[in-house]
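> Just passing along the structure, written as structure tokens.
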């Protein structure tokens with residue numbers, strides 16, 4: 001879920017149609033800009049195929065739930081990406097394009113998001129979403145899944161931590177949580193309905209939605225927005241426009257549960273852990289103590305908004321790959337130097 005600080009409008013760039021005035025003097029001269037592309041071209045959608053190798057629909061036995069996944073890479077551990085509320089698996093597109101060179105990648109559309117279809121789209125309880133992730137992993141890999149590094153952004157970070165805390169995934173080898181901290185998240189919930197209602201709700205085209213996300217400041221990378229935004233929308237025939245695919249405002253009953261106890265669950269997960277934050281002010285007391293005790297690695301990624309993986313995808317990919325390398329996570333788990341036999345994940 002987006003935080004309030006990232007929905008405040010930023011100063012919009014000078015439009016392509018704005019005339020450039022003559023300089024007052026030769027010292028104030030600046031070169032004329034080259035002809036720019038039209039707005040519709042600049043913000044036109046881009047296919048996921050530039051970053052992922054394939055997509056698939058994963059049907060869950062005994063239900064009508066079908067979860068959409070994007071996959072890439074052929075070797076190494078599996079980096080399993082879980083997006084935030086209102087985003088989709090394509091939020092990690094540009095990251096996947098780099099991570100797939102050294103690891104396998106799976107990015108899942110969670111319940112009620114993207115191209116996934118479920119019996120109850122609004123059942124976004126932490127337990128239900130965590131069970132969805134476990135069910136998809138089981139369908140993908142059977143009873144012997146490879147080493148998995150869960151990477152969760154915002155709401156998806158809470159889901160990743162819940163999966164880790166459940167101890168239902170024995171092959172879990174690492175946990176990366178992106179820009180979500182219990183104290184800050186719970187404190188911001190009182191503002192979320194207002195933030196959601198203040199967003200632009202209707203878009204005449206996908207291009208306009210992409211432009212709004214970038215110029216409004218919720219995303220700061222046009223290349224990422226052009227891939228990720230289209231699957232966060234759906235066309236409303238009755239209104240003859242595009243609206244948000246996920247009905248987040250109707251899931252308020254679950255919001256507090258996403259974040260209650262998050263810090264303790266994160267610290268107790270018996271695998272290597274990395275917390276990526278967009279600002280140091282987000283640490284709560286529990287995490288501050290845990291960080292001082294060396295229970296997890298923390299990195300503050302500067303000059304980004306809430307969606308770190310979209311704003312600086314190359315840096316984000318490097319951080320994930322460095323985490324995997326630093327903790328010697330191979331396709332079968334944490335590897336002992338000089339041995340192919342996997343060891344138990346280190347604490």
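Each residue's number is its place along the chain shown, starting with 1.
Cβ coordinates are placed from backbone N, Cα and C, and glycine is handled just like the others.
Nobody curates TrEMBL annotations by hand; they come from automatic prediction.
From TrEMBL, here are the annotated features:
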| type | residues | note |
| --- | --- | --- |
| REGION | 1-43 | region 'Disordered' |
| DOMAIN | 79-318 | domain 'AB hydrolase-1' |
| ACT_SITE | 154 | active site |
| ACT_SITE | 179 | active site |
| ACT_SITE | 306 | active site |
> To the nearest whole angstrom, what is the C-alpha distance linking residue 306 (active site) and residue 179 (active site)?
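Residue 179 (active site) has its Cα 6 Å from the Cα of residue 306 (active site).
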> Between residue 154 (active site) and residue 179 (active site), how many Å separate their Cα atoms?
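Roughly 6 Å, rounded to the nearest whole number.
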> Taking the Cβ of residue 154 (active site) as the centre, count every other Cβ atom within 10 Å, in any protein chain shown.
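Summing over all protein chains shown, residue 154 (active site) has 27 other Cβ atoms within 10 Å.
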> Would you count the other C-beta atoms found within 10 angstroms of the C-beta of residue 306 (active site) for me?
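Taking all protein chains shown, residue 306 (active site) has 23 Cβ neighbours within 10 Å.
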> If you draw a 10 Å sphere on the Cβ of residue 179 (active site), how many other Cβ atoms land inside?
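Its Cβ shell of radius 10 Å holds 25 other Cβ atoms.
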> Kindly state the mean pLDDT of the domain 'AB hydrolase-1' (79-318) in the predicted structure.
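A mean pLDDT of 95 is what the predicted model shows over the domain 'AB hydrolase-1' (79-318).
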